[in-house]
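Here the structure is laid out as structure tokens; the discussion comes afterwards.
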């Protein structure tokens, strides 16, 4: 039986790779190959150029956040590696969602030994040990230079497949939790797979943020598969065209199999859009017609981020860093002189002048405002030891406080004390209403909540925060990832990516890359959250249900990634949530059903 991979499979680990003669105690051959495939996928040609989180991790000198803070020595060292080849903490990569079954079972040192047994030829990744804070620490890095031409011929190797489940089963039961693994195992019948992406709904949720569902978006019952060899894709499509012996998945005949370029061209024609191009000979059903790579188009996939395009913009002087907006709109020749006009917002009857970054020029201009638009709260008692129970669910708290004319529309947790915060309302809260709220016995994060009126200084600060948020929404410069929608886990990554699961979910690279890889990597949820909040200008600094530290109380990892208790002794049983998930945005198809 073939070993099931834990996500997309790297090109160089092929089905007929010779198994390693090295046996690692406590590790099965299936686990060994799964770990190698998963680690090498993160650094592969099919993923790295299109995964913003991973590319910036492996190119810190091109990261707008990290680069300005690098020492001269670190900057020189990073520049010495080719883009995409700087070392990354193995513990970071091991924390991604699809690696957690292994990182909670094996220490980082054992994962390193497993990676070193890779049968990949030529060698794709290398394990190195460097000192960090005076301790030897394990890193992993890509060895092969990242080159645009490595993605050539993608159209000849990529197929679209639909109909793995009946519409009724999918609607009633949803996709199985291990569907990605099952699909990868099925796809390998025709050859080694570079990447398999489960296609998901890309429509924006309707209604306000309270109606937005969490978790993976609905699966479209279809996938894009990229094989390493064009023959594999050709065989799969050819078999589907036969009268008998058509491909089946768990006894069910597939409803559609075609080359990806034919599918996206068909959908583009339906929408009146120009036919897309993917590098390779096959273009819209014409296998004999070669195409050259357009700039930045190598191996184009569903992610909006493209490292090759970013590197060209940097080389041409349009950008200083990767993944940020281009200078002057990306075109030096069309630079236009403009006269700065005063930036002013109106808030609570006050006209407030705003700086270019969205901050208030003179906070003293806020002279009048309604008091008691918010109340302070404090969580009483000891926090539960389970971080999931201890986490404050903003949506539930707002719903608990909303009744009749009393509508809670924002929750703000203190930066200095996570047991304290502020809740804002649409209208001022009277003493009677506050007493009624207190009498409800509201609970959040597994603890009772005490509410009190804000004093004059706190009332003013609340309104200043709201005014600043409105100003930033109106005037602050933002990149593509700051509108509350992560682009590709990273979602995105990163989310490694909305989670690195079928979309890799890193808590997010999104992280997701957590996923978990929000729109930016700072852990916040990005730009304006909903129309109602923007209207009221209420500031909310923590995302709903956000979790910036997934470590279970009483357990952590040392520099080697081994589980230890709070006392420093080795933990007796590793917890599945002990490694923080780094988000990555889910990769989104450009053409939807």
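The backbone N, Cα and C atoms fix where each Cβ goes, and this holds for glycine too.
TrEMBL does not curate its annotations; it predicts them automatically.
Of the listed segments 208-239, 240-271, 272-303, TrEMBL assigns region 'Disordered' to 272-303. This prediction places the mean pLDDT of the domain 'HTH La-type RNA-binding' (25-145) at 92. Across the domain 'HTH La-type RNA-binding' (25-145), DSSP assigns 59 helix, 19 strand, 43 coil.
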